[in-house]
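Visitor: There's a structure below that I have some questions on.
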Amino acid sequence: MENNGKRKLKVCVATCNRADYSKLAPIMFGMKANPDVFELEVVVLGSHLIDDYGNTFRMIEQDEFDIGSKLHTIVRGEDEAAMVESVGLALVKLPDVLQRLKPDVLIVHGDRFDALALATAAALMNIRILHLEGGEVSGTIDDSIRHAISKLAHYHACCTRRAESHLIAMCEDHSRILLAGCPSYDKLLAAHKRDDYADIIKAWLGDGVKEQDYIVALQHPVTTDIKNSIKIYELMLDALISFNKRTLILFPNIDAGSKEMVRVMRKKGIEQHPNFQAVKHVPFEQFIQLVSHAGCMIGNSSCGVREAGAFGTPVINLGTRQTGRETGENVLHVRGADTHNKIYHALELQFGKRYPCSKIYGDGNAVPRILKFLQSINLEEPLQKTFCFPAVKDCISQDIDHILETQSALAVDLGGTNLRVAIVSMKVPSSFKDNASSQIQCQGKIVKKYSQSNPKTYEERIDLILKMCKEAFIDAVHLNCRVLGVGVSTGGRVNPQDGVVLHSTKLIQEWSSVDIRTPISNALHLPVWVDNDGNCAALAERKFGHGKGVENFVTIITGTGIGGGIVQHNELIHGSTFCAAELGHIMVSLDGPECMCGSRGCIEAYASGIALQREAKRLNDEDQLFTEGMALKKEEPVSAVHLINAARLGNPKADAVLRTAGTALGVGIVNILHMVNPAMVILSGVLASFYENPVRQIINQRALSSARDIQVMSSELEEPALLGAASMVLDYATRRTY
């Protein structure tokens, strides 16, 4: 930095506890690196100087900062009165220090009661105040303290655009607000990928603890509702004990109620429990590693809703302390944490997941912006503030109590022609919210759909799938859809256990022995399910269509090819080599037309869209297709549609082809009825309504009398492949009832 002939700016940084030092330290290092521009003074007070909280002033000394003043300002008692007395004691001691230092600017962070004392003293002594992280909303008394400090401060360095909007709505001068990002992100984004993270995990949690197989817990008291926050803390400990995973638990801060929380911890024997490592303080650089590689973080620390998002670490936020905070997709709120089971279920949902990294709170360049902002301060300007009155937008976030209303899946449908992706949500009608059977009433809703031509090569296809999924994932956040996983429907023979396409249809090139699950899961950090398109159609019917509540049924897809799925005893049948329900390849003739599978006389060779198109072309070549009232547009290819229209207009040749196709399909279905005896047959696909009556007639003519009353229905689902792919995700995620 250049000073341009100006005198040094004398900046006092006052730090009260381990949390605010992690935000202030990067700025302090930045000023220390520019001694020609800044004169740094450091004041330490609050819990930094208390042995029970780790004497964390020592880490400031280890960072080689000269501490100009140490003020013992904490009145012990850890209750409301002690907090008030601590503020008063700080106000008694601070004037002498500030009078001696005479800083140009005092930097104050956050929303602690110690910081309120600092801001009050500086404002009354006409010292300019730069407030970090103002404008945020988190609930509890912290909000009131934070906003009070903002009103006392002359300059603001905030972390998010919403915080900036809140400060403007609080009448702060826009020209004195810097959207900087969080200073701690400068350090954590650069440092969290250290090679020695395994050694750090071992040092704090012991041998044998693997990455993403432990929990970090950090819960503080809520001073406006101490009794309830202690209850939540006890329930959290019970849930963690039951969950039976190695856990690093940090002691709470010094707020009122912390003594009772420590008493609860010791009553439950947490410090001696083999699954727990209870600590008072972890150096920030090491804490970054522990959070970034954890299987989950739980509690109500702002670190969970802020810093953890930068790593994609799953977080469970308990209670109201962070209500209103902006969060990434990694945070699951359990505001009404009134039962052990609710917290335990949240652990089951979150533990071991990975989410896209979020940079809501910063991009790693906050410190240069703040230092430049400090240099721009005109010390000749009057201290008096000016005000304005803009509006502010509401904050929207997610709560576990509403998870059934917003849970969603990304569905991928790989067809011979098109590649489609959709955001599919599970919506509970409001009239069923309090009904124990509300899951039965759920409907699949396609929130947004994307479509592209299916590329011809493997590499292009995978790249396009990932691109479309990432686009959908980003849109899902804005649409308030919580994406729980990805379901893929594809043609061919699929091993759903491994997520591998074993053999593809001829319509999809370079698509055999392909692992679909791994690249998608690695790119999106989400679980991925894969199955054959026919099976997906059956799953769609089971969850959203005619098959809902039916124990045994068969779905048959009538489209470009013929496929299907069999559900027996509410379970999808895959077979020993994953080729069960290849219904299109049931042979109905020994010497029929050649099928794409290489055999002859299959249902698909008679009744599929390709088969009908083949017959339409044959009749057209023989000038026997088009009848009066029909015409072929220029360069329009002959298709199955022309064959069906010709039959409807009385063309006997076309009608004979369709009757043969309907008979073949009907005979095949009769064979299915005699083999698996379903309660229902559901016809799906573009030709379903056309085949429904012919199939019923063949069943009445050729099926055993005991099978003739089977229901035959056309599907009412518009997108069975996409809904079926989504149902694989939603079935897994909604298996539990809350």
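Easy rule for this one: first residue shown is 1, then count along the chain.
Yeah, the Cβs are placed from backbone N, Cα and C, and that goes for glycine too.
Not my notes, these are from TrEMBL:
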- Asp533: active site (ACT_SITE)
- His585, Cys595, Cys597, Cys602: Zn(2+) binding site (BINDING)
- 37-374: domain 'UDP-N-acetylglucosamine 2-epimerase' (DOMAIN)
Visitor: Rounded to a whole angstrom, what is the C-alpha distance between Cys595 (Zn(2+) binding site) and Asp533 (active site)?
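Guide: Taking the Cα atoms only, Cys595 (Zn(2+) binding site) lies 19 Å from Asp533 (active site).
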Visitor: Are there any residues at least 6 positions away along the chain from Cys597 (Zn(2+) binding site) with a Cβ closer than 8 Å to its Cβ? List them or say none.
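Guide: Counting only residues 6 or more apart in sequence, the Cβ neighbours of Cys597 (Zn(2+) binding site) under 8 Å are His585, Glu604.
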Visitor: Round to the nearest Å and give the CA-to-CA distance linking Asp533 (active site) with Cys602 (Zn(2+) binding site).
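Guide: Spelling it out, the Cα of Asp533 (active site) and the Cα of Cys602 (Zn(2+) binding site) are 19 Å apart.
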Visitor: Quick one, of the binding-site residues Cys595, Cys602, which Cβ has the fewest other Cβ within 10 Å?
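Guide: Comparing Cβ neighbours within 10 Å for the binding-site residues Cys595, Cys602, Cys595 has the fewest.
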Visitor: So which other residues, same chain and not among His585, Cys595, Cys597, Cys602, have a Cβ within 8 Å of the centroid of the Cβ atoms at the Zn(2+) site?
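Guide: Going along the sequence, the neighbours appear as Gly584, Met587, Met596, Gly598, Ser599, Ile603, Glu604, Ala605.
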Visitor: In the structure shown, which of the recorded positions Asp533, His585 has the fewest Cβ neighbours within 10 Å?
Guide: His585
